[in-house]
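Peer 1: In case it helps, Swiss-Prot gives these features for our protein:
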type	residues	note
REGION	65-223	region 'Spike head'
REGION	247-478	region 'Spike body and stalk (antigen domain)'
DISULFID	Cys317-Cys379	disulfide bond
REGION	388-408	region 'Hydrophobic'
COILED	483-515	coiled coil
REGION	509-775	region 'Spike foot'
Amino acid sequence: MASLIYRQLLTNSYTVELSDEINTIGSEKSQNVTINPGPFAQTNYAPVVLESWEVNDSTTIEPVLDGPYQPTSFKPPSDYWILLNPTNQQVVLEGTNKTDIWVALLLVEPNVTNQSRQYTLFGETKQITVENNTNKWKFFEMFRSSVSAEFQHKRTLTSDTKLAGFLKFYNSVWTFYGETPHATTDYSSTSNLSEVETAIHVEFYIIPRSQESKCNEYINTGLPPMQNTRNIVPVALSSRSVTYQRAQVNEDIIISKTSLWKEMQYNRDIIIRFKFNNSIVKLGGLGYKWPEISFKAANYQYNYLRDGEQVMAHTTCSVNGENNYSYNGGLLPTHFSVSRYEVIKENSYVYDNYWDDSQAFRNMVYVRSLAANLNSVKCSGGNYNFQMPVGAWPVMSGGAVSLHFAGVTLSTEFTDFVSLNSLRFRFSLTVEEPPFSILRTRVSGLYGLPAFNPNNGHEYYEIAGRFSFILLVPSNDDYQTPIMNSVTVRQDLERQLGDLREEFNSLSQEIAMTQLIDLALLPLDMFSMFSGIKSTIDAAKSMATMVMKKFKKSGLATSISELTRSLSNAASSVSRSSSIKSNISSISVWTDVSEQITGSSDSVRNISTQTSAISKRLRLREITTQTEGMNFIDISAAVLKTKIDKSTHISPDTLPDIITESSEKFLPKRAYRVLKDDEVMEVDVDGKFFAYKVDTFEEVPFDVDKFVDLVTDSPVISAIIDFKTLKNLNDNYGITRSQALDLIRSDPRVLRDFINQNNPIIKNRIEQLILQCRL
């Protein structure tokens, strides 16, 4: 089972980097599947996500990879990559605006000596010298800037995927150059981009520029496996303009019904209109200083027609994860300065709360199966004049981001008169051209959307899409469920969680590092520690239930469960008695602590025992066997337990959220290793992998086949002391083979000996791991 996971990396079905597989294992369950689609054209994939039920479609969601299309001549739109997929044609593409740009892509097969070939370019016969002494294909980009000039060789793309790209964007045409898998883009400027027309002589795909990262991936690593099959039939480009008859998708479906309640599924089209708001503060005095320019929440109310129904909608737009910039022109009172201005970019999010007066939102209290699909939108910044008393005004201009749908949750909006349950749509951001700058200052070439003039004169930005959810509503349509009974309102709990996170992180400076190291070196795990948390003994029963319930749904638990389900079957020959023994010892340690607490009843101890019993099973399935060694969960649990003991306001409601969050976020930089004889093979979550000898710590070539076999048949060990630390320790202090093996196995006794000897290298490594534990 386990070998299947890794052997798929080596088959022809698909190709991924080892880092991709490691990230997948550490985050969520995903699987690439190659499907034989049959003799049908795969031009337009259905723009819908299928769950246990389907979100019906009436609004087109733009596909990432649209095609393949037959060779044709047309004027491609701006902001779309043309992904060219030739077979053996010599001339791949010709593009010109007949004024200042003529560009042609020529395909040259591998192993061609220097020779002159005859090509027909733009109706003219040309002799061009080509050469390809590699085993890959080469795309020669030929260029001229006037009709009377000769073609010059401008760029070369050396490719083993035999794919090329062409894009019209921002007064330039863009192509790929370099060598795969590290090819990148470059451009040629033109004064008349809109008139550039192309003659494409090969099959091609169309990809939105917002998905340029996927285009880059295809160029460098090849098309997805579904596209590399003879059953994919190219169609004419005109198929993109086929008019489809709109189906009825704004519908109400009764899922189930009793005498008092019924379940209704609402499928709706949606148009979200929103705008940004900002706050610009100017200091008094001479009038040259601006202390703050920031984003503020913005409300917008509008009407639109949904399938013949007039809908009044309300949105509230807010931003999160703003980046603070500043500009200081000098120290004098007459020097222009902005102390802080906010910019949103890739690490930011935009939230849109949406509510309308339709039947779907009337009883939106008990909700399940919520799903949505939305298009993307580009938001461009405008100009803002800093009006100063004397001198030329600095002008902020430019900046743009694209918003991409990243999720939807339920929310509650409060006004002075009413509280409304609404949908909160979350959008991730990518930066776009042009960059922003402040005229007459040195601020230029920065990317993102600043808070100066984010709407750029637009009354609103608009996003179209659809959503669907199932509500439990009264059978009597005239009755409205009281909003105060809503199960979606969690403001108080969120506030407690926020306060608790801040308290946890501030406690880090107050906890002695030696105390944490001693605790981390005990055989401990995330669940058996509960019996030793003094502040939660009285609430052990409800707390244990809630923690297990929440952890079961966490991303870490899901990935561990899926991974170990396959690995444990394959590694059945590995003895697990040592791991069980480790768990029993850890349970006894913390049970002793709990028994010292006065006033704890037998029933509480029984609950603690039950929780510890559950932990035995979870510990066995953490990643694979640990063979008497310490793992990353031990350190996480030690830090968490120490902080919980010192925390002042732990409650049974907030603890499960903190436990679950810490298990997923603590120690993000992890590494794992397998050991065979005198050779160690180590991989980390960043995708780095290497092998080395135990005796000399000399690196040896990383054998993927051997790694596959070892993962199948051997325990996977947490690399508490990583290779870099081991090498440093050996170079500076010298360690025996026995010590090296114990450190590689993360033996707690040996680690404690090194720390008791005040070894700075080992101690520093443990401290670095503990310092990663932040919420």
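Each Cβ is built from the backbone N, Cα and C atoms, and glycine gets one as well.
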Peer 1: For the region 'Hydrophobic' (388-408), give me same-chain residues lying six or more residues beyond its boundaries with a C-beta closer than 8 angstroms to one of its C-beta atoms, as numbers and ranges.
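Peer 2: Same-chain contacts beyond the ends: 210, 286-288, 334, 336, 343-345, 349-350, 370-382, 423-441, 446-450, 452-453, 461, 463, 465, 467.
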Peer 1: Please determine which of the disulfide-bonded residues listed here (Cys317, Cys379) has the lowest count of neighbouring CB atoms within 10 Å.
Peer 2: Cys379
Peer 1: For Cys317 (disulfide bond), what is the secondary structure by DSSP, using just helix, strand and coil?
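Peer 2: SS state of Cys317 (disulfide bond) = strand.
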Peer 1: DSSP on the region 'Hydrophobic' (388-408): how many residues come out helix, how many strand, how many coil?
Peer 2: 0 helix, 13 strand, 8 coil
